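The structure appears below as C-alpha cells.
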C-alpha cells in the first residue's frame with residue numbers, strides 16, 4: 001500500500017513533466033514580421049540631437065496609425081540608445097521567432113537643410129523616403145510628458161541634468177510600464193505611478209519628464225501585443241552582468257525595476273508557499289490539503305526547471321503559466337491567505353474574495369495563525385535552547401498581542417464572494433430561522449460579519465465558530481446547500497409559472513433567476 005500511495009503522491013509532478021517534455025514532433029513555423037530598428041551613427045554627437053531622436057522614437061511608438069509591430073520597433077530603438085553596442089545587443093537578445101529586426105543607422109549630414117539634418121542610411125545606400133517618414137512633420141495627439149503641459153523646455157533640462165540623466169528617465173519609465181502591462185492591464189496606470197514615486201523622490205525622473213497617463217497606456221498596449229519586445233526586455237534582465245563594479249546608474253535602475261518584474265503574476269503562488277507551507281503549522285497534516293500540497297510540489301519542480309527565466313513565465317506567457325493560478329490549489333491557497341491576513345496586515349488588502357475561496361480553510365488559516373503555540377517553531381526552539389519559562393512568557397505576550405477578541409477577517413475584494421455572503425434575496429426557511437434564532441444569529445448577514453468587531457471586515461470568534469459548526473456538522477444549514485436549495489426552488493417556481501403567465505412574465509422570472517444563479521455560483 002505504501003508503494004501505491006507514493007505513486008499517487010508523485011503523479012502530479014510526473015504528469016506535469018510528461019506534458020511539458022519535448023516530444024520531438026513537427027515545428028509549426030510562424031510568420032515573422034520585419035521590423036525596422038534605428039540606431040545612432042557616429043556622426044550624431046550632440047546631446048540635443050540625441051534627446052530629440054529619443055523623443056521622436058517615443059512619439060512614433062504612440063502613433064496609433066502605425067502597425068503595432070513597428071511601434072514596438074521604435075520602443076526597441078529607444079531602449080537601444082542606452083546600449084554601448086546596439087547591434088550586438090539586438091543580435092544577442094533580440095533573436096525571436098516572431099520578428100526579424102532590420103537595423104538602420106541615423107547619421108548627421110551638415111549639408112542637409114531638411115529633416116533637421118538627419119539621414120537614414122545603411123552601409124550601401126541612403127533612404128530618403130524613410131528619413132522623411134521618420135523626421136517629417138508629425139502631429140502629437142497627446143503630450144508625451146506631463147511637463148509639456150507646462151511648456152517645460154527640454155533643452156533647459158538637458159543643460160541642467162545632462163543627456164544621460166534625461167535619457168535614463170525616459171527609459172526607466174518604459175521599464176516600469178512592463179511591471180503591470182502584461183499581468184494587470186486594468187491597473188496599469190495606477191501601478192505605474194505608484195512604482196514611479198520612488199524614482200521621482202530620488203531624482204531619477206524629473207517632473208517635467210514624467211509620462212502622461214495616455215503615454216503609459218499607449219506603451220502598455222504595444223507591450224501586450226508585441227511579445228518580441230517583452231522577450232527582448234526579459235533577456236536584457238537575464239543577461240545583464242550585475243556582478244560588475246562599474247554598473248551605470250541606468251543599469252542599476254533597470255535592475256531595481258527588474259525586481260518588480262520578476263515573479264509578476266505569480267503572487268498567489270509565492271504567497272501560498274510563504275504563508276501556507278513555510279510557516280510549517282500543524283494544519284498541513286490535514287488530508288484535504290494533501291492533493292494541493294502535491295500540486296504545489298509539482299509546480300515548484302516546473303518553476304525550478306525553467307532556470308533563470310522562471311520568474312518571467314507570466315510576463316513571457318509561457319504555456320505552463322496558467323498552472324500556477326491559485327484555482328489549481330484552492331484549499332491550500334485559502335488556508336495560506338487566512339494565515340497571511342493575520343501575520344501580515346498588508347495582506348488584508350489582498351483580494352481574497354474569489355470564486356474558488358474555501359471559506360472553511362480561510363477561517364482555519366486565521367485560527368492557527370492566531371494560536372500562540374502555532375507561532376513557536378520547535379526546530380528553532382531546540383537550536384536556541386529556549387527554556388520553558390521563556391516559552392510560557394512568549395505565549396503570554398503573543399496572546400496579548402492578538403487582542404483576545406478572536407476577530408476573524410472577512411474576505412476582501414472580489415464581488416462574487418461578497419454576493420454569496422451578503423445576498424439579500426437568499427432567505428431562510430422556517431426551520432432554518434428557528435435554528436438560527438436558537439443560536440442568536442441576526443437576520444442581517446452583514447451584522448454576523450461585523451458585530452462586536454474592532455476592525456473593518458471582521459467577525460467575532462463566536463460567530464466564526466457557529467459558522468464553522470454550521471458548515472461542517474449541519475447539512476441543512478450549510479451555506480452551499482442553502483444557496484443550491486434556493487436556486488432549485490426558484491427554478492421549480494419558474495417552471496410552474498410558465499404554465500400560468502404570459503411571455504413577459506416568463507422573461508421577468510428568467511432575469512430574476514439568472515441574477516440569483518450568478519450570485520450563488522459566484523459565491524461558492
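Using the three backbone atoms N, Cα and C, a Cβ is placed for every residue, glycine included.
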Per Swiss-Prot, 180, 190, 195, 350, 354 bind RNA; matching candidate in 104, 260, 275, 408: 260
Binding-site residues listed as 180, 190, 195, 354, least Cβ neighbours within 10 Å: 190
Farthest-apart CA atoms of 180, 190, 195, 260, 350, 354, residues recorded for RNA, distance in Å: 26
